[in-house]
Every structure is written in C-alpha cells, then in structure tokens.
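Notes to accompany the following structure.
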Amino acid sequence: HHIWLRDHCRCPTCLHPKTMQRLLNTFQIPPDIKPIKVESSLQGLRVVWPAHEHTEHGEHESVYSWEWLKENSYDPRIEPEDKETKKILWNARISQSPPTVSYNDVAKPGEEGEQALYKWLTNIDTFGFSFITDVPENAASTESLVRKISFIRETHYGGFWEFTSNLAKGDTAYTNIALGAHTDNTYFTDPCGLQLFHLLEHSASESSSSTTYTSTTYPNTKLPNLYASSASPTSNDTQITSNPNSANASSSSSAFTPSSLSSPATQGADATVSSSYPASSAPNSSLGGQTLLIDGFYVASILRSLYPSAYRLLSEIRIPAHAAGERDSAGIFSTGEGYTVFSHNASGELTQVRWNNDDRSVLSSISPSLVEEFYAALRTFHSLLTTPDSEFLIQLTPGTAVIVDNHRVLHGRTAFVGNRRMCGAYIGKDEWKAKLRGLREKYEGKRM
C-alpha cells in the first residue's frame, strides 16, 4: 500500500537516524497518495512522492533497501531467517552440559566483555537460564554483574537483595522450607523478566550438624503410565505446539539432546555451552537447599501433546494471585481475575508460563461446569512438573550464580538446615530483551 510505504520512509528527514523515532507527521500524508516515480536499484526500491500542501520542499524521495522490505513485508508475510534465537527445550539431562559463561569474560572491558555479555544473554534466550562461574563471592560484585544487563527492578523486596531464612520479608522464600517449582511475581501485572541468584554462604549451624536433607524433601506426585502411549513424545522429539487449539501447529523450538548442544545450526553462533560447571556434589550438599530448575516450555509441550484438553483449559482459565506478606508496609498485591498459566502471541506461539500454587488466590470467577476439569488439568500439569524427567536439581556453591527467564523456567529449592545466605535481583523483561536486541544488531547486523 502506498500510504504504508510513505509512512515508513527511512530517510533522516522522516526517521531520526540516532533515536530511530518517526519525525514524519503520519496524519499529514494524503490518504490517497500515489508515487510519481518508482524504480529499482542495487540499493533498493526508489520511490518519488508528489508534493502536497504539507510538504516544505516539494517532491520527496524514499529508498527502501531490499533487505528491509523482505524483513518487513506483510503481503505476503515473510518470516526472516533466524529472526530470533531458536529456543531449545530441555529436561533433567541438561545437567550433563548446562549453558555457562564466566564472570571473568563478562567483566572484561570493551568489546570483548560486551561479546561475552551477548553470549550470556543468548544462552538465556535459547535455554531460559544460564550459569555464570568465577563470580567473586560477595554481594557488590554480584550486583555489578546484574547491572551489566540493565538496571535492577525494584519491588517490595527491595532492589538488589540479600536474604536468609529469617522471615525478614513476608514470603516463604525467607524460610528454610521446600519451595516447589514456581514463577515469581505472579501477583504482578508484569512479572519480572529475569531473576539472578548467587549463594554467598551455606554452613552448618550447631543444631543442624546431624540432619541430612535429600532432593526429595518436597512433594512429588507421579502420574501412572504417563508415557504408555506409543505416540507419546520423548525428550528427543518433543516440541512446543504453537497453538493450544491446533494439533498440527508448527514450532520454532526444539528439544534438548546432548548432541544438539554442539551443533551451531541448532543453537546459534553464540549460544555455546560450557561443561565446566562444577558437579553437584558440593561440600554442603548434606544441608539441603538444592536449587530446582524446570523448563516450563518443555513441560508445556508434553502437556499439549498428551493432554490437549488440559493444556487448553490452562490457556483459557484465568487464575488470580496475591502477595499479602508485606501488607503493613507495601500493601496487598493482587491481579484481580488473574492470568492464564500459558500465554501465547498473536501467532499462537507459547510466550509465557505463569504458575505459582503458593500465591494462587481464591478462584471465584470460574464457570461451575469447569471446576472439576480445571483441578484435573492442574493435577496433570503438576504431575508433569514433578517427574524426574523434568527436574534439574543442582547444589549451588559460592562463586557460581544462576539466572533464569522467569517467563519460561520455573525454579524452586529443597528444604535446608544451617545458615544459608543468598543474594540476587530482578530485571524486567523489556529491559533484558532490549539489551539483547541491541547486541544482536551490533554483532549480527539484525536491525529494527
């Protein structure tokens, strides 16, 4: 359409070359505008527009590069190759070679450190999490690491936080009890995008020296005959189906297999994975407090394949959430009618898993006819979350931090004893995605 082309002129008079903001007054373009000259060149499509009552310099020339036209075509819609990092789904076997970068690389000055940051963010975009080793064992260095990505998102827990099991805040994270797999901030309209954890200390106290906690200290409900069907997916071929109502929807994601991690075609040029992460047999493992990570997209793909009606219900029924532990200082956070467990974009692609059973509020807006089906769907989802196939348990040690995409990877911990001190922070989704796009444009030439 001519009006679309005129509105999207890329010249510096119409689009600021630094800020990339539109300078052209869209509403002064004649609705029936037509070019007076169109020609192709090596640079792209050259279009000359006629003068009209609002033009100051007569005719106007626009040049649209062929690459830009291909990337932004809407008729037909042409999906650019490798528009975004390909998501790799994973299960417990990712413990063999989890995505990892070194603090020493990210902390380097100049372009070398920036490229390491790009690798780190690409790991997060690809797998939904990443370890970072060699972090100095103090809060100040950890905070500076977080700020390499963006500014910290402040909440009622503070900005950059340190916590122990002293209930300094009204949340069970500030205790030593087990926390099942969950999303943080489900009681916010916009849950945080990233969450970083760094274990600074975990030592035995006098009262805990004879107590041992194992990785099974939180509930684990098994689903009988879960993979009995001959058509059931395995961890080698499971993918996210892009539409909860389409059994044959395509996907841009692939499942984790150990062999896929060494394939540049699968994970992208910078989404490399290091096998240098320390084994989970840490000195303090007998104290409990193992970190639990689960790929929510992987579990969602299995639920969609085996239990499509359950997946559909959790994509349609809104679940309210609240946070009332700091009611006297911060107030009570609530999402009203709430949000669905699974969210999708306009193309039907899964974009967010949002689940926290502990913060779930009273479900009062559900249709009476769906109550039993809803609880059956939740039970099935929970059973898939708590299978050994889904759970990646790791004993964090001082010096190794982990960062998770809170819109994809669910996290938790086993119960623990002793003195356990953790630090970390939140970053908004818009902020970390913006940083990734900027670095991708710089190092791969993929522009807006």
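Every residue, even glycine, has its Cβ placed from backbone N, Cα and C.
Residues in the domain 'Gamma-butyrobetaine hydroxylase-like N-terminal' (1-69) partition by DSSP class (helix H, G, I; strand E, B; coil) as 13 helix, 16 strand, 40 coil. The domain 'Gamma-butyrobetaine hydroxylase-like N-terminal' feature in TrEMBL is assigned to 1-69.
For the domain 'TauD/TfdA-like' (100-206), the number of residues in each DSSP class (helix H, G, I; strand E, B; coil) is 34 helix, 28 strand, 45 coil. TrEMBL lists 100-206 (among others) with the feature domain 'TauD/TfdA-like'.
Look at TrEMBL and you will find 225-285 tagged as region 'Disordered'.
Per TrEMBL, compositional bias 'Polar residues' is recorded for 225-240.
Per TrEMBL, compositional bias 'Low complexity' is recorded for 241-266 (among others).
Residues or ranges marked as compositional bias 'Low complexity' by TrEMBL: 274-285 (among others).
The domain 'TauD/TfdA-like' annotation in TrEMBL covers 284-426 (among others).
Mean per-residue pLDDT, taken over the domain 'TauD/TfdA-like' (100-206), amounts to 90.
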